[in-house]
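Q: According to TrEMBL, the protein has these features:
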DISULFID  Cys83-Cys100  disulfide bond
DISULFID  Cys102-Cys111  disulfide bond
DISULFID  Cys593-Cys620  disulfide bond
DOMAIN    6-52  domain 'Gla'
DOMAIN    74-112  domain 'EGF-like'
DOMAIN    114-154  domain 'EGF-like'
DOMAIN    155-195  domain 'EGF-like'
DOMAIN    256-428  domain 'Laminin G'
DOMAIN    435-620  domain 'Laminin G'
Amino acid sequence: RPRQRRAYQVFEEAKQGHLERECIEELCSQEEAREVFENDPETDYFYPRYLDCVSRHGPPHSKSPAFAACVQNLPDQCSPNPCNKEGTQVCQDLMGNFYCQCRAGWGGRLCDRDVNECSQQNGGCNQICLNKPGSFHCACYSGYTLTVDSRTCQDVDECADGRACGEARCSNLPGSYACLCDEGYAFSSQEKACQDVDECAEGRCEQACVNSPGGYTCHCDGRGGLKLSPDMNTCEDILPCVPFNVAKSVKSLYLGRMFSGTPVIRLRFKRLQPTRLLAEFDFRTFDPEGVLFFAGGHQDSAWIVLGLRAGRLELQLRYGGVGRVTSSGPIINHGTWQTISVEELDRNLVIKVNKDAVMKIAVAGDLFQLDRGLYHLNLTVGGIPFKEKDLVQPINPRLDGCMRSWNWLSGEDTTIQETVKANSKMQCFSVTERGSFYPGTGFAFYSLDYTRTSAAVGTEAAWEIEVVAWIRPATDTGVLLALVGGDRVVALSVALVDYHSTKKLKKQVPLAGHCLPIKVCDGQEHRVAVSVQKGEATLEVDGTRGQSEVSAAGLQESLAVLERHLQDAVCSFPTGPDVPVTSAPVTAFYRGCMTLEVNQQTLDLDEAAYKHSDITSHSCPPVEQASP
């Protein structure tokens with residue numbers, strides 16, 4: 001082909017009479033030139049005639065006018081057509097030469113070379129230029145369509161078709177569109193609907209996770225001392241923000257350790273001779289009722305029980321099957337130390353407070369009972385050795401009180417001090433104030449009835465929950481009161497929640513109810529009041545009333561659920577309830593001092609259905625004073 005192209009050049013110059021001898025010699029012999037063209041059908045018609053002109057008029061370099069005339073008179077150069085048929089519009093005979101006029105999109109002498117229009121300014125296309133033999137066309141990316149000029153692309157509004165996103169919201173985008181769902185939902189292209197995202201399956205929570213329509217809630221083991229971190233996914237320790245002085249005295253004996261009412265100390269004395277009872281000790285309490293000690297034999301023999309009722313000393317005694325109850329003296333449950341003594345003296349029992357006799361009761365018999373040659377006396381502290389119903393007058397034996405400097409029968413009880421010293425749970429707080437102390441471990445609960453029956457037949461029973469809590473918290477998180485129904489469902493919860501949790505709980509827990517700020521870490525006492533009844537719920541902190549965080553419909557839904565639970569038995573838990581960690585936004589035990597009043601009745605933890613032994617019913621350690 002290169003030699004063919006050079007031959008054409010030689011022939012064209014020959015026809016013009018401009019060919020030099022040197023150029024002719026480049027073609028070598030005529031035999032070689034013939035080999036160049038003999039296999040090219042487009043030149044079969046031309047070369048023999050050209051050779052005939054050479055033979056008759058001499059070679060081109062002779063510049064013979066006859067040779068030039070012979071060449072110019074050769075036949076039509078476009079027959080047969082030497083041009084590329086697809087790319088040529090017309091072939092023009094130039095009398096010994098030809099010219100191929102190319103169609104648009106083609107080039108080259110024979111119009112056999114495609115012109116790539118896309119290589120120059122993208123062919124004028126707005127987005128995509130597609131080249132093809134002899135032509136090109138413009139195209140658009142997905143989401144666009146060509147305008148009437150066949151070059152410019154414009155966005156397709158897929159949302160104009162209401163079926164694009166089905167139930168979801170459609171948002172048109174440049175070249176595309178998006179199907180939008182509310183937070184917590186994801187679009188399903190197959191269903192063409194928004195479906196709930198199970199965030200719990202994604203492992204977002206460090207501990208427990210509860211998925212809900214459009215959201216999720218992480219829970220931390222509150223009873224294990226954990227709360228949600230600010231990110232509301234991980235957990236962190238619940239740290240005290242107010243230090244309480246919980247130091248204990250190793251020389252004191254705490255009487256309220258056994259909630260069952262069983263004694264904290266049991267002693268048995270044996271004597272060879274009849275011996276009179278002598279008991280003396282210092283005593284401190286805020287508790288109005290309970291048992292200090294029992295002395296005597298078994299239930300049907302002679303015995304005495306020294307206790308408190310309404311803050312005054314009470315002595316119950318049984319001699320010869322006859323029981324008596326005597327109460328006298330000053331009120332002593334004011335939290336200061338009192339010296340109390342009980343002594344058998346000349347057939348009398350003498351009770352003294354701070355060495356002043358407040359009771360003197362004549363008795364017919366001795367407390368020491370003869371058995372098998374020995375005189376026996378049982379003495380129990382902080383409880384009685386039989387059921388309280390078998391007392392002369394029933395009394396709640398549980399007593400949140402403290403003893404020190406005790407002397408039982410002339411000091412023959414030194415082992416008690418060693419036992420108390422080795423067990424801190426048997427020791428009292430060095431300093432106490434009035435109130436109940438919740439150390440952040442263990443719970444208590446009551447069986448309370450919140451319904452009010454009506455005499456009218458067919459009248460729906462009314463219900464009401466009025467709660468007043470005087471609190472002095474040690475931490476910013478914990479349950480003050482929770483009502484738990486069947487299947488351990490939390491029907492109502494009043495709790496302290498730290499601020500960052502409060503903000504997100506409004507989104508995560510649709511029926512979170514009322515929220516109100518409180519300065520829990522100032523070491524001061526605060527009054528929290530809650531009133532819940534049919535159709536209404538209010539929350540007040542230190543006289544400031546809070547606003548509901550839910551809609552009226554949401555509030556009514558919550559109250560209806562609460563009312564259904566109140567128709568059956570519910571347990572009322574001061575501090576954290578015994579429920580699964582996912583049952584409520586807050587399950588942590590309250591820590592600090594608290595006095596609770598429910599429906600105008602002050603709750604006495606000694607009257608609870610159950611109380612953990614670490615919770616003190618009527619005494620609370622003071623807040624530690626900052627060092628100067």
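Placement of Cβ uses the backbone N, Cα and C atoms for every residue, glycine included.
In TrEMBL, annotation is done automatically, which means it is predicted and not curated.
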Q: For the domain 'EGF-like' (74-112), DSSP counts of helix, strand and coil?
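A: The breakdown for the domain 'EGF-like' (74-112) reads 0 helix, 13 strand, 26 coil.
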Q: Counting across all protein chains shown, how many other Cβ atoms sit within 10 Å of the Cβ of Cys620 (disulfide bond)?
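A: Around Cys620 (disulfide bond), other Cβ atoms within 10 Å: 24.
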Q: What same-chain residues lie close to the domain 'EGF-like' (155-195): Cβ under 8 Å, and 6 or more beyond its ends?
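A: Same-chain residues near the domain 'EGF-like' (155-195) but 6 or more away: 141-145, 213-216.
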Q: Sort out the sequence-distant neighbours of Cys111 (disulfide bond) for me: same chain, 6+ apart, CB within less than 8 Å of its CB, listed by position.
A: Cys83, Asn84, Gly87, Thr88, Gln89, Cys100, Gln101, Cys102, Arg103
Q: Per DSSP, what is the residue count of the domain 'EGF-like' (155-195) in each of helix, strand and coil?
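A: Its residues fall into 3 helix, 18 strand, 20 coil.
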Q: For the domain 'EGF-like' (114-154), jot down how many residues DSSP puts in helix, in strand and in coil.
A: 7 helix, 16 strand, 18 coil
Q: Would you mind listing, in sequence order, the residues at least six apart from Cys593 (disulfide bond) in the same chain with a Cβ closer than 8 Å to its Cβ?
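A: Phe244, Glu433, Gly435, Ser436, Phe437, Tyr438, Ile471, Arg472, Glu525, Cys620 - these are the non-local Cβ neighbours of Cys593 (disulfide bond), listed in sequence order.
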Q: Measure the Cβ-based neighbour count of Cys102 (disulfide bond), defined as the other Cβ atoms within 10 Å of its Cβ.
A: 21
